[in-house]
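*Asks:* Sharing a structure below in structure tokens format, with a few things to ask.
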Amino acid sequence: MSDMRTLGEFIVEKQHEYPTASGELSSLLSSIRLAAKIVHREINKAGLVDITGGFGSENVQGEQQQKLDVYANEKFKAAMAARDQVCGVGSEEEDDVVIFDEAHGLNAKYVILMDPLDGSSNIDVNVSVGTIFSIYRRISPLGQPANLDDFLQPGNKQVAAGYIIYGSSTMLVYTTGNGVHGFTYDPSIGVFCLSHENMRIPEEGTIYSINEGNYIKFPQGVKKYLKYCQENEPEDNRPYTSRYIGSLVSDFHRNMLKGGIYLYPSTAAYPSGKLRLLYECNPMSFIMEQAGGKASDGKQRILDIKPTELHQRVPYFVGSTHMVDKVEAFLRDSPDQE
Ligand code: P6P
């Protein structure tokens, strides 16, 4: 239930918990809030305006760019560039990092990585999509343009991360390392209201989210975990259930509220997994850990992986701790032939 505390008020209220905070991160989160409102507006009229469907170009992933993908990317980039807190952006929709080296960018403290519209192939069929963002303090010196090293930091260095889910309602969920808090957008007054303070994922769940169409090439341990779910009942005797929307933010958000696990292992099409480490797995893993869950690539903690490339992919297992532990055990006990 919303207690009418707005996102803006909450950011300021929580800022006081960081005596060293100079307000720049708060201002950066406010920029994201503004861009989220703008993208919300466009998504909610996508069916009425010629803004759905392919843009005709492809992004670096070789994926058909949806018009809203490009629109969301431009709006979030513009919101970041408009204030003095960000010196560069890495985006799923950009081949390389975008460096803000004009005057106000050079002395900015933060870099942001984002998937501006994850799950965008679902737009035309009116399925929820989302924006994912990840914020780091730059490691290059102030006064100079940011460089790629500022973006290739391990996920355990994030200062903030969040997602916006454009669903039956639009929600912004974020963490700055002090719990996970969810805000529901009220378009009639144009504010995000606190609706889910201190979100926590149940340690155990009965929902597993995976594209079973890729089964044939799953690692043996994943196949054994799926059979385990289909042939056993968890302690609370509720049978497992398969729920897969094909939109990470949607599956992740539902599992966080109800308990569950999202799995995207290596497949034939994606031998290293499909999900991108920097702007999908790292931010979602920071949030999941802050909510009491777990996130791994099947062997190691996602947040400890040292990135080597901007768009690198990793296998991804995220959700209720006991469920992720179980998958890791099956993978350990059933190593695949190299
Ligand atoms: P598949 C969307 O493209 C995405 O990155 C995630 O949001 C989603 O969970 C996954 O890919 C869907 O991939 O191969 O099952 O269609």
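Quick reminder: no glycine exception, Cβ is built from N, Cα and C everywhere.
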*Asks:* Among E92, E93, E94, which residue shares the Mg(2+) 1 site with D115, L117 according to TrEMBL?
*Replies:* E92
*Asks:* Among Y110, Y136, Y228, Y244, indicate the single residue that TrEMBL lists for the substrate site containing D118, G119, S120, S121, N211, Y262, L263, Y264, K274.
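*Replies:* Site partner of D118, G119, S120, S121, N211, Y262, L263, Y264, K274 for substrate, according to TrEMBL: Y244.
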*Asks:* Which of E231, E233, E235, E280 does TrEMBL put in the same Mg(2+) 2 site as D115, D118?
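*Replies:* Among the candidates, TrEMBL records only E280 at this Mg(2+) 2 site.
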*Asks:* Is S120 (substrate binding site) helix, strand or coil when read with DSSP?
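*Replies:* In the DSSP reduction, S120 (substrate binding site) maps to helix.
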*Asks:* Taking only same-chain residues 6+ apart in sequence, whose CB is under 8 Å from that of Y264 (substrate binding site), what do you get?
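*Replies:* Long-range Cβ contacts: I210, N211, Y270, G273, K274, L275, P315, Y316, F317.
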*Asks:* If you compare CA-to-CA distances from Y262 (substrate binding site) to each of the binding-site residues D115, L117, D118, E280, which comes out shortest?
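*Replies:* When the Cα distances are compared, E280 comes out closest.
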*Asks:* Indicate the candidate from E92, D115 with the smallest number of other Cβ atoms within 10 Å of its Cβ, considering only these binding-site residues.
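*Replies:* Each of the binding-site residues E92, D115 was scored by Cβ atoms within 10 Å; lowest is E92.
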*Asks:* Please work out the number of neighbouring Cβ atoms within 10 Å of the Cβ of S120 (substrate binding site), leaving out its own Cβ.
*Replies:* 26
